[in-house]
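Chemist: Please see the structure below; I have some questions.
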Amino acid sequence: MINNIQGLRAVAASAVVLVHLNELFRTVGLDSECGAAGVDLFFVISGFVMVLATKKREQGAIHFLKNRIARIVPIYWLLTLTLFSLTLIAPSLLQATTADPLELLKSLAFIPFMKSNGLVQPTLFVGWTLNYEMFFYLVFALGLIFKSPKVGLIATILTLIALVVVGELLQPSNVLMKFYTSPVMLEFGFGMIAALLAERMGRGLKPPTALLLRATAIAAFTILFFGPLIWPQAPQVVVLGGSSFILVLAAVALDRAGLSLNNRYVLLIGEASYALYLTHPWVTQTVQRLAFMFHPTGILSLIFIFVAVVVAILMGVMIHLFIEVRLTKFARTLLRLERTSVTIQSGPQQAS
């Protein structure tokens with residue numbers, strides 16, 4: 001696993017946590033909505049990692065999909081079913097999530113649908129990103145059917161482009177069509193292209209080049225999280241997808257230059273980023289409800305934000321270590337997936 005990419009996964013997951021604390025941020029005159037760009041970074045990383053994880057062609061399309069199912073489904077289904085049970089026991093605690101069996105089935109099957117609040121979200125609302133991820137994996141798996149890896153990758157990228165072009169031309173009103181032809185699909189393609197370019201990178205870059213890479217990474221990071229505030233009218237896929245693409249490439253180049261992240265705590269958060277992403281709303285929503293009982297402002301709001309972030313990260317790491325890893329291992333056994341040496345992480349889930 002490339003440590004710098006793992007670090008970016010930690011950053012992306014943490015940024016999304018901040019987004020869901022925006023009500024508290026507003027009490028001190030701040031806005032954390034820019035953290036939503038963490039999702040775009042996750043999508044680019046996902047495309048990047050899928051290329052690296054399959055470049056040796058040691059797995060076919062079916063094996064690839066079984067691998068993805070074993071990695072994504074267990075913890076997601078567990079949390080979705082837990083939330084659905086909560087809607088039956090205490091519906092007043094939830095807002096747009098209802099105990100609708102059809103919505104539950106669509107959520108478990110990664111089929112997008114519109115909820116009562118007008119948003120296209122599954123029962124576990126953050127799972128909307130997984131609907132994109134699973135669809136991307138289906139498209140990527142089709143590319144694995146080609147004998148030539150290069151042809152397969154090109155076909156996959158062209159398919160993603162074609163989907164977006166169709167969406168732009170037809171402007172579909174159907175939920176499924178509109179969802180899967182979103183420009184966001186291009187971000188997976190950006191990640192794939194970044195992986196192809198990364199394979200051509202050398203090692204041992206000279207100090208001036210390394211300095212330039214650091215500056216590039218900082219610039220890309222700034223544009224990723226603050227670009228929408230500076231250029232609100234610019235297409236999301238250009239500002240967020242483009243800056244994520246550059247950031248991922250810069251992170252890989254820095255690693256090749258010998259500037260690799262070695263902080264074990266950050267790397268652990270990156271490893272646990274899928275669990276953190278799926279579970280953090282339980283913490284952020286609970287803390288915010290508790291906080292507003294005290295009418296927070298100033299320092300008190302910042303304390304609640306700090307506590308929420310720390311607790312969310314700790315819970316995500318614990319669930320990853322003691323539940324997610326075991327569920328994934330069980331699923332791999334159930335699907336008869338032999339143990340492989342590939343342990344590259346992706347987001348918001350990881351490949352193994």
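Using the three backbone atoms N, Cα and C, a Cβ is placed for every residue, glycine included.
Unlike curated entries, TrEMBL annotations are predicted automatically.
What TrEMBL records for this protein is below:
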- 3-313: domain 'Acyltransferase 3' (DOMAIN)
- 36-54: transmembrane segment (TRANSMEM)
- 75-94: transmembrane segment (TRANSMEM)
- 125-146: transmembrane segment (TRANSMEM)
- 153-173: transmembrane segment (TRANSMEM)
- 179-198: transmembrane segment (TRANSMEM)
- 210-231: transmembrane segment (TRANSMEM)
- 237-254: transmembrane segment (TRANSMEM)
- 266-283: transmembrane segment (TRANSMEM)
- 303-323: transmembrane segment (TRANSMEM)
Chemist: Using Cβ atoms and a strict cutoff of less than 8 Å, what residues sit near the transmembrane segment (237-254) while being 6 or more residues removed from its termini?
Modeler: 2, 4-5, 7-8, 37, 40-41, 43-45, 48, 183-184, 186-187, 190-191, 193-194, 197-198, 201, 205, 210, 213-214, 216-217, 219-221, 223-224, 227-228, 231, 260
Chemist: For the transmembrane segment (179-198), find every same-chain residue at least 6 residues outside the stretch whose CB is under 8 Å from a CB in it, and list them.
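Modeler: Answer is 40, 43-52, 55, 112, 120, 131-132, 135-136, 140, 153, 156-157, 160-161, 163-164, 166-168, 170, 172, 235-237, 240-242, 244-245, 248-249, 252-253.
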Chemist: Near the transmembrane segment (125-146), which same-chain residues lie under 8 Å Cβ to Cβ, leaving out any that are not at least 6 residues past its ends?
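Modeler: For the transmembrane segment (125-146), the sequence-distant neighbours (Cβ-Cβ under 8 Å, at least 6 residues beyond its ends) are 16, 39, 42-43, 46-47, 50, 54, 57, 59-62, 64-65, 68, 72, 76, 80, 96-97, 107, 110-112, 119, 152-153, 155-156, 159-160, 179-180, 182, 184-185, 188, 277-278, 280-281, 348-349.
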Chemist: Mind checking which residues reach the transmembrane segment (36-54)? Cβ under 8 Å, same chain, six or more beyond either end.
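Modeler: Apart from its flanks, the transmembrane segment (36-54) reaches 5, 8-9, 11-16, 19, 64, 129, 132-133, 136-137, 140, 144, 149, 153, 184, 187-196, 198, 224-225, 227-228, 236, 240-241, 243-245, 247-248, 277, 342, 344-351.
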